[in-house]
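> Not my notes, these are from Swiss-Prot:
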- 12-34: transmembrane segment (TRANSMEM)
- 51-71: transmembrane segment (TRANSMEM)
- 125-145: transmembrane segment (TRANSMEM)
- 183-203: transmembrane segment (TRANSMEM)
- 207-227: transmembrane segment (TRANSMEM)
- 261-281: transmembrane segment (TRANSMEM)
- 301-321: transmembrane segment (TRANSMEM)
- 339-359: transmembrane segment (TRANSMEM)
- 376-396: transmembrane segment (TRANSMEM)
Amino acid sequence: MFWKWCFRLSIVFVGLWLLLDLSSRLGAEIFWFQEVGYLQVFLLRLASRGALWVVAVGVTAVYLWGNLTLAQRLKYPRSLKIAEVRREEAELSVGLKNFLSPQYSLLNAPKIHDAGHLKPFRLRWLLPLTVVFSLLAGLILVHYGKIALAYWYPAFNKNSLPIITPFRLETIWELGRQVFSQVLYLGLIVGVAIAILIYSQFFLRAIAVILSVVFGTILFHNWAKVLQYFSPTPFNSTDPLFGKDISFYIFSLPLWELLELWLMGMFLYGFIAVTLTYLLSADSLSQGIFPGFSPQQQRHLYGMAGLLMLMVAFSYWLSRYELVYSPRGVSYGASYTDVVVQLPIYNILCVLGLAIAFYLLWRTIFWRAKSQYRQFVFYGLGVYLFVVVAAGSVLPTVVQYLIVQPNELQREQPYIQRTIALTRQAFSLETIDARTFNPQGNLTTAAIQANDLTIRNIRLWDKRPLLETNRQLQQFRPYYRFPDADIDRYTLEAEAAANRPVNPNQLPAPTERRQVLIAPRELDYSAVPEQAQTWINQHLIYTHGYGFTMSPVNTAGPGGLPEYFVKDIAGSNEGALSTSSEAVRDSIPIGQPRLYYGEITNTYVMTGTKVRELDYPSGSDNAYNAYDGLGGVIIGNGWRRGLFAMYLKDWQMLFTQDFLPETKVLFRRDVKQRIQAIAPFLKFDSDPYLVAADGSPAFPGQNNYLYWIVDAYTTSDRYPYSDPDNNGINYIRNSVKVVIDAYNGSVKFYIADATDPIIATWSAIFPQMFQPLSDMPVTLRSHIRYPLDYFGIQSERLMTYHMTDTQVFYNREDQWQIPNEIYGSESRPVEPYYLITSLPTVPFEEFLLLLPYTPKQRTNLIAWLAARSDGENYGKLLLYNFPKERLVFGPEQIEARINQDPVISQQISLWNRQGSRAIQGNLLVIPIEQSLLYVEPIYLEATQNSLPTLVRVVVAYENRIVMAQTLEQALQAIFQPEVTPAPAIIRPFEEVTPPG
């Protein structure tokens with residue numbers, strides 16, 4: 001008795017704990033979404049998730065539990081003597097009033113005894129049947145459990161996206177092969193099968209309960225598909241196979257596949273569980289014989305088999321549309337074999353499946369104990385399975401090998417064209433403006449001076465050496481860290497670059513655009529000394545980062561160190577950041593430089609407490625601050641403190657004496673986690689970047705000028721005929737720009753591509769969540785840029801899908817690749833790079849993202865892709881193709897020429913032998929008018945205590961290469977009129993001893 005009471009109390013305690021934990025999570029989420037202004041978004045998600053979970057769990061539990069309960073009533077009693085079954089055949093008629101009676105099996109045992117017409121199963125058939133069905137039950141449990149686990153713990157699945165594979169007749173073998181190849185899952189399946197054979201009643205019901213929760217979890221996490229289904233936006237484009245609008249594949253088909261996944265698993269397990277209940281009744285395995293299915297058992301199984309066959313037919317109906325994702329053939333999507341052979345087979349299997357399903361259901365409703373057509377059911381199912389195997393798998397393979405492959409181009413040509421066209425649509429490649437670029441080689445000093453803005457913004461500093469230098473010169477304390485540096489452009493007063501060379505033929509402009517590297521100085525609490533890592537320090541004192549550095553990309557200061565427009569923390573001036581000139585101070589807002597939200601800000605903190613927050617170091621002392629921003633949730637001294645202590649599992653919050661009524665907790669301060677929590681249906685760029693600008697009045701708050709901008713994407717893997725990338729995505733748009741206030745934590749979503757149907761659907765679902773891009777403050781809008789991740793995906797697809805001729809595509813004769821470059825001493829692919837320059841035929845400079853291409857397995861340039869980022873031209877792509885009959889040097893060829901030059905290679909070797917290391921930076925290919933200029937910086941760093949310095953700049957043009965101390969000197973050496981063009985390589989002016 002004592003142990004029973006202990007067990008009951010423990011159950012009550014665990015239940016209360018789970019209830020409190022769930023309540024705290026719900027309450028904290030409500031308060032947090034209220035803080036960021038997206039409570040309605042959260043409540044709609046919560047309601048839809050809750051409804052889906054209840055429906056899935058309820059329907060599954062009722063169906064499985066109800067059928068298992070009915071099977072318990074209809075099964076043979078354990079006391080039945082099977083040896084007495086073989087008697088004279090007797091008619092068995094049992095009324096429906098007894099069919100549902102709990103005492104059915106006992107009341108009708110004598111009749112069952114007399115059912116001599118039943119066909120018994122001997123042990124040689126009974127044992128394999130029960131083992132196979134038990135293994136299938138285990139396979140179902142493991143398969144759907146893996147899917148649910150991948151949703152619940154994304155890290156469980158290496159791709160973070162569970163692959164939904166429904167149980168279909170043609171995929172069961174493949175699923176079994178995959179699962180059985182893993183020892184853990186194999187052991188689990190075998191263990192489940194053995195448990196079912198020994199304790200069938202308990203484990204079959206237990207699995208039913210588990211599957212109910214599993215299906216609830218799967219539907220719970222697929223709430224987005226349901227909401228999209230009810231608010232679709234047409235693409236106004238149809239697929240070439242079925243003529244359906246693309247929106248059917250993006251919004252409708254995923255929901256039908258989700259329903260198939262759920263109902264197929266539910267009906268299949270229900271049929272298996274009920275069959276096992278009957279087969280294992282009457283102690284059949286011990287007696288070595290099963291008397292056969294009674295008429296009412298048959299009626300029950302007919303009904304369940306009818307529902308299962310209905311789902312099989314539905315599955316083949318869906319398989320028809322899934323042919324547009326077929327990998328068979330030379331191109332993605334439905335190929336010749338799929339359209340001519342596989343599609344008719346699926347149509348036939350769908351119709352046959354429906355016919356069998358309706359027949360089984362009709363027999364269930366209008367049951368006759370004896371029927372002359374009963375044997376036709378088994379024959380029909382046998383024929384159906386034969387058609388599935390023979391026609392569904394063997395015939396398409398034979399056609400592919402014997403008919404298609406000998407005449408592949410002729411057969412597949414129209415389908416290749418479909419793949420090309422729809423892949424280009426899905427990745428927005430069809431909007432690329434393709435032009436011819438024929439380098440003239442007539443660049444002069446006058447042309448260089450005319451493109452002065454381009455020259456002044458050639459990037460000599462890469463973010464890697466700059467960050468190394470920042471960490472040495474600008475971190476100040478161990479707990480500060482520069483996690484990243486980002487390229488951007490700012491409009492500065494002309495005085496900001498007084499030392500730059502001036503074109504005498506141009507009047508000085510009142511402002512100029514400068515390309516810069518901006519790096520936030522964030523707080524890294526993990527770098528705080530271990531002895532100081534106390535609860536108060538972590539959550540009350542070390543609360544925020546401070547300021548940023550901003551460096552021009554094209555100049556170096558004394559000793560080759562980077563110059564700074566913005567740097568330091570001027571402790572003598574109330575923590576203001578230092579600027580290089582008054583012009584910079586007037587051009588770049590530097591007030592309120594505190595970073596409470598950032599890329600590595602992953603701790604929760606409490607502000608407005610009795611403890612002062614560390615603000616910034618001031619000499620040998622520290623300055624302190626009290627947060628007065630709009631972020632955070634008030635917890636004070638009341639019940640909210642207990643709620644958040646439970647939510648954060650931080651019990652010291654309950655006992656600290658440092659809280660005040662106005663105390664607030666700031667959590668989810670990592671900008672990517674913050675926006676992911678608000679909009680999990682979007683994909684976000686891997687590189688948030690900091691902007692210093694005045695965001696008022698869109699962002700409330702006083703004197704705050706630091707904002708994070710993150711690009712967000714709408715993606716899909718269901719675009720018909722579109723060849724997916726390496727991540728499985730076959731549709732993507734950069735539809736949203738997200739802005740996060742670095743001080744207040746406010747988040748706003750702006751629609752950057754209103755033509756995208758997916759973002760239009762989400763905007764209809766959450767009408768108050770998104771704003772048009774025109775509502776973004778102009779000061780912030782001037783800093784949006786074409787995102788690197790999006791550009792990388794498009795440029796990768798373009799390597800193949802620039803070929804629009806089907807024969808050229810089939811032969812892959814014009815395949816491109818991204819060239820390699822030498823960075824440091826390692827060869828690596830060229831990364832896209834930002835540049836301020838003017839495009840050919842465009843009379844003004846603009847902020848571009850560039851990437852060169854070379855032919856497959858060759859090193860000469862074949863094309864370069866440019867993405868525009870300024871004003872009305874934002875988002876436009878231009879592709880410049882080089883003439884194939886002329887050699888245009890690629891990055892690898894220029895790198896080889898640099899390293900083969902005896903003077904340059906000798907100097908690099910000399911640096912590498914003096915306790916230092918020479919680093920060859922990014923090689924930039926820069927279009928200027930109708931010519932190409934190649935620029936590569938060379939850095940020098942010590943092997944210990946690395947502090948990279950810019951020591952040389954290499955410039956290549958046509959067949960000339962120069963290495964000099966500065967870019968201006970290198971350009972002068974190449975383009976000065978008095979130098980004759982005879983030498984292939986012009987040597988550097990002087991050999992300068994590297995800094996010691």
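Backbone N, Cα and C atoms are what each Cβ position is placed from, and that goes for glycine too.
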> Answer with yes or no whether the transmembrane segment (376-396) touches the transmembrane segment (125-145) by the criterion of at least three Cβ pairs under 8 A, sequence separation 6 or more.
no
> When you scan the chain for residues with a C-beta under 8 Å from the transmembrane segment (207-227), skipping those not six or more beyond its ends, what do you find?
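For the transmembrane segment (207-227), the list is 44-45, 48-49, 52-57, 60-61, 64-65, 68, 137, 140-141, 144-145, 147-148, 151-152, 192, 196, 254-255, 258, 261-262, 265-266, 269, 273, 680-681, 765.
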> Who are the chain neighbours of the transmembrane segment (51-71) in space, where the CB to CB distance is under 8 Å and they lie at least 6 residues beyond its ends?
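Sequence-distant neighbours of the transmembrane segment (51-71): 100, 204-205, 208-209, 211-213, 215-220, 222-223, 226, 262, 266, 269-270, 273-274, 277-278, 297, 300, 304.
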> Where else in the chain does the transmembrane segment (183-203) make close Cβ contacts, counting only residues six or more beyond its ends and a cut-off under 8 Å?
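Distant contacts of the transmembrane segment (183-203): 72, 130-131, 134-135, 137-139, 141-142, 146, 276-277, 280, 285.
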> So which residues does the transmembrane segment (261-281) touch in its own chain, when a touch means Cβ under 8 Å and the partner is 6 or more beyond its ends?
56, 59-60, 63-64, 67-68, 70-72, 74-78, 121, 126, 129-130, 133-134, 136-137, 140, 144, 147, 164, 166-168, 196-197, 200-201, 204, 207-208, 211, 215, 218-219, 290, 293, 297, 300-301, 304-305, 307-308, 311-312, 314-315
